[in-house]
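According to TrEMBL, the domain 'Major facilitator superfamily (MFS) profile' annotation covers 96-516. The transmembrane segment annotation in TrEMBL covers 50-68, 140-160, 172-190, 196-218, 230-250, 256-275, 343-360, 372-394, 401-422, 463-482, 494-511.
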């Protein structure tokens, strides 16, 4: 294998430094320890990392509230047309009939008029009742959620660029501040149009909170703890599903509920005094004095002594193979037949996972049963699903677990279809099938990002993962309209979910396994030589198998 000589003064891009994942070959433990100066100095995982990653994972709770709260904002309400003088009601509360001159109701089509005033049954205030999102305005309910998810799709692409330029900590806390502000403004929106615009902006910053917190969390730890931390970061999502159900049950006014999910996020602004900037990001920029200060605080908290002459060892890694790195772009994802196949299959998988996952989560009101109970159940099944994903990734499997969880999720969604035909008294069985489907797709959702990152070589890994998010964003925007297919047939939405689950899972089998395999660094699929700084400040040349 060819060897590449590198020197301290050579420049390396920030994205490549931070997105390069540790090798998983059997002889890599010594290399990882030597090349990961930060983890070697303060430990891969200690009390310092535990505290900070725990705080960072909690930002998922208000984000989960914001994405899920429209389910309760727009819950269905029975309504009747208020019968003014001169008209008479029909079986459809959206329309009324005119009265004839003798006071009888006219029933011909020419005498039918659109109702203008309605009375909503039950207690509480929803956007459905306040903004009259019924009859010909009913489709506007889906518009609000689609705009939020459109903001998520765009924000996922933009937040990574902002985070790389201005830092993880600043991006995270600025996004939290804007998220809380927008969430509060929504509670006072006097018009539906403003509600929709603010929801779109909220989606943009909510995904920035999740992304920035995730990146910072995994950059604070080292070794196999990156995998554990990356998956464990999702655990509070389950708590978010469960708690918002209780909040919505107690607060039947959508404006009060919106304030309840927005204001608690301001507490995370206090994290400015606790959270550090990512030492790996700072090191990639050559800001070694700031890195050393963070490592001193971390070592003190972890009760660990820093290595001698650490300041001389904090040399940003370099790479002489810059021309290849600088010339890569989106077109490289389709440059060869193998890369083209990999990219297209991953796009299908990401589309399928997001359509199935959010198709179940955001359409609880259409699945039957009690909305509040279903909300708690999807939170409960999320916990073991994420825990199972950690075990799978640690053991090294990616391909078969991702394929099976997607396929089984699609199968259980399909099983609910004939049950709904047989009897209306078997809602418990439908709910069981749906929660099993949600359990499986939650595991898929946790495995998929790790698998995708491992399939692409280092120099285009960020581009590859970003490209996979494009079809995921399209799926997100389609999800609110998924249940509109019931107008064609009541079973069609679940049929679509099951098809994409099964087909997406089967397509995984056309991809290679990445668990316990060296990660490719170059476009030809070979691991490039690596470089590390020793504790005396010298830079060593490392090939794929040994140090020299």
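Every residue gets a Cβ built from N, Cα and C, even glycine.
Keep in mind that this is a model prediction, so the values were computed, not measured.
Spatially, the transmembrane segment (172-190) is not adjacent to the transmembrane segment (463-482); fewer than three Cβ-Cβ distances between them are under 8 Å for residues at least 6 apart in sequence. Below 8 angstroms of C-beta separation, residues 66-67, 70, 74, 127-128, 131, 133, 171, 175, 192, 195-197, 199-208, 211-212, 358, 362, 462, 466, 469-470, 472-474, 476-477, 479-481, 484 of the same chain, each at least six residues beyond the ends of the transmembrane segment (140-160), sit close to that stretch. Taking every recorded stretch in 196-218, 230-250, 372-394, 494-511 and counting its Cβ pairs under 8 Å to the transmembrane segment (343-360), the highest total belongs to 494-511. Contact check: the transmembrane segment (230-250) against the transmembrane segment (50-68) gives at least three Cβ pairs closer than 8 Å, residues 6 or more apart, which meets the contact criterion. Using the rule of three or more Cβ pairs under 8 Å, pairs at least 6 apart in sequence, the transmembrane segment (494-511) is not in contact with the transmembrane segment (50-68). Residues 349, 352-353, 356, 360, 368, 392, 429-430, 433-434, 436-441, 443-444, 447-448, 451, 490-491, 494-495, 497-506, 508-509 of the same chain lie 6+ residues outside the transmembrane segment (401-422) yet bring a C-beta within less than 8 angstroms of a C-beta in it.
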